[in-house]
Amino acid sequence: MKIIADENMPNVSTLFSSIGEVSLTPGRSLSSEQIKDADILLVRSVTKVTATLLENSNIKFVGSATIGTDHIDLEYLSENDICFSSAPGCNADAVADYVFSALSHLYLNKKLEWLNKRIGIIGHGNVGKTVYQRFSALGCDVVAYDPFVESDSVRLVSLDEVLNCDIICLHAPLTKTGLHPTYKMLGKEQLQKLKPNTTLISAGRGGVVCEDSLLIRHDELGGKLNLVWDVWKSEPHINTALLDKVDLATPHIAGYSKQGREKGTWMVYLALCKFLNLNPKLDYSKAISQGNITEMSLNKDANLHEAIARAVLAIYDISRDDTRLRRKYRNAPSFETFDWLRKHYVERDEFNTCIATQTSYQDELNAIGFKHLNT
Ligand SMILES: NC(=O)C1=CN([C@@H]2O[C@H](COP(=O)(O)OP(=O)(O)OC[C@H]3O[C@@H](n4cnc5c(N)ncnc54)[C@H](O)[C@@H]3O)[C@@H](O)[C@H]2O)C=CC1
Ligand SMILES: O=C(O)C(=O)[C@H](O)COP(=O)(O)O
């Protein structure tokens, strides 16, 4: 069995070589010629899996080690009896960690006191829910907008209400059809509703926010917006005018924790084993790494904002990704830089690999995703 896989899938050879002959390739440039003799295709978000790519192949299974599926023509796969599996939720904790790292950075650098602010989340799926639960466990005033969710356990509000929040976290998928398409869902009209000093964290998909309208609104507000930008409309090209305005700019790596990426490969491996009726040869604990910093205890004299910021940034400091991106773009302002930064990403651990040991802030650290002492 011939397996073609994106070279950026961690552990892919270890896991899949017991099933077939694995060839690794850069995902963005994958061509139909390269897959014409293959049976299984394993991708990440940079490969457009369309009829053009697949029509002259014998691919029977497509696996995407990602949460998002907007790069896959699901209709074509279903019409052509090609089994598909993605990795729902694999890096939800990583994205939530990204959000708290961004807020920690903004607290230390701009004195943004976010714990007492109103927080609105757009999209209440695996990522949005994780982010919501963390804020809620911290006792924050948090609401969510998701037109497809009905639930008593979340404070659901209108999009306008979220746009009136102090901190807005965007975790909706990219959709262009259906009842509530998200493409440019934050356009000129919606962005007009942002108040001065709003913090907008965009870690879903580029295209959900109209970047041109955002630049106009940013100017209108005299630059009084805190912007944290992970996903860009025209990746791997980035909007350099926007890059100049955002507080934190990262190259679509919100989900790039070591464990999150490993979980993505692992989930696709399990799905392929199921499809082929095989017993998995490795177990979860061998496929997913431990963290580097295994225990955290805090000085009880620090205030809560500062204590959280110190703990969070010790595990993942988002500013290193921002610095890397800006420095690299200054020296090599080309679209190839985006993929280079992602390919050579210095992976970080998830908060949940680190135990919050007995400290006055143990409950708060547990709330934002650090592991409990007794689990
Ligand atoms: N920046 C990054 O590295 C990462 C980005 N993502 C992106 O984040 C998205 C969300 O991830 P998950 O929560 O795991 O996906 P999910 O599929 O579990 O949930 C998506 C949620 O968005 C909601 N939604 C759909 N249309 C909406 C609209 N018009 N307004 C508000 N909500 C809407 C859905 O009802 C669903 O509850 C993914 O589709 C992916 O594109 C995911 C992982 C990493
Ligand atoms: O899981 C998703 O959805 C993501 O956005 C991924 O984290 C993006 O990573 P790549 O698949 O582009 O490596």
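Using N, Cα and C of the backbone, Cβ positions are placed for all residues, glycine too.
TrEMBL has this to say about the protein:
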type	residues	note
DOMAIN	21-277	domain 'D-isomer specific 2-hydroxyacid dehydrogenase catalytic'
BINDING	S45, T66, Y256	substrate binding site
DOMAIN	113-254	domain 'D-isomer specific 2-hydroxyacid dehydrogenase NAD-binding'
BINDING	D146, D230, G255	NAD(+) binding site
ACT_SITE	H252	active site, proton donor
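Taking the mean position of the Cβ atoms of S45, T66, Y256 as the substrate site, the remaining residues of that chain whose Cβ falls within 8 Å of it are R44, A65, I67, G68, N91, H252, G255, R261, G264. Ligand 1 lies within reach of G255 from the binding-site residues S45, T66, G255, judged by a C-beta closer than 6 angstroms to any of its atoms. T66 (substrate binding site) sits 21 Å from D146 (NAD(+) binding site), counting Cα to Cα. Cα-Cα distance from D146 (NAD(+) binding site) to the residue listed as 'active site, proton donor': 23 Å (rounded to the nearest whole number). Fewest other C-beta atoms within 10 angstroms, among the binding-site residues D146, D230, are seen around D146. Counting residue by residue with DSSP, the domain 'D-isomer specific 2-hydroxyacid dehydrogenase NAD-binding' (113-254) contains 37 helix, 29 strand, 76 coil. With respect to their backbone Cα atoms, H252 (active site, proton donor) and S45 (substrate binding site) stand 10 Å from each other. Note on the domain 'D-isomer specific 2-hydroxyacid dehydrogenase NAD-binding' (113-254): mean pLDDT across this stretch is 98. When the binding-site residues S45, T66, D146, D230, G255 are checked against ligand 2, S45, T66, G255 have a Cβ within less than 6 Å of one of its atoms. A C-beta separation below 8 Å, combined with a sequence spacing of at least six in one chain, links S45 (substrate binding site) to S64, T66, G68, D70, H71, H252. Each residue contributes its Cα atom, and for D230 (NAD(+) binding site) and Y256 (substrate binding site) those atoms are 11 Å apart. Listed in sequence order, T66, I67, C90, N91, A94, V95, Y98, R261 are the same-chain residues six or more apart from G255 (NAD(+) binding site) with CB atoms under 8 A from its CB.
The C-beta environment of Y256 (substrate binding site), restricted to residues of the same chain at least 6 apart in sequence and closer than 8 Å, consists of N91, A94, R342, Y345, E347, R348. Of all the recorded positions listed (T66, H252), T66 sits in the most crowded Cβ setting, with the most other Cβ atoms within 10 Å.
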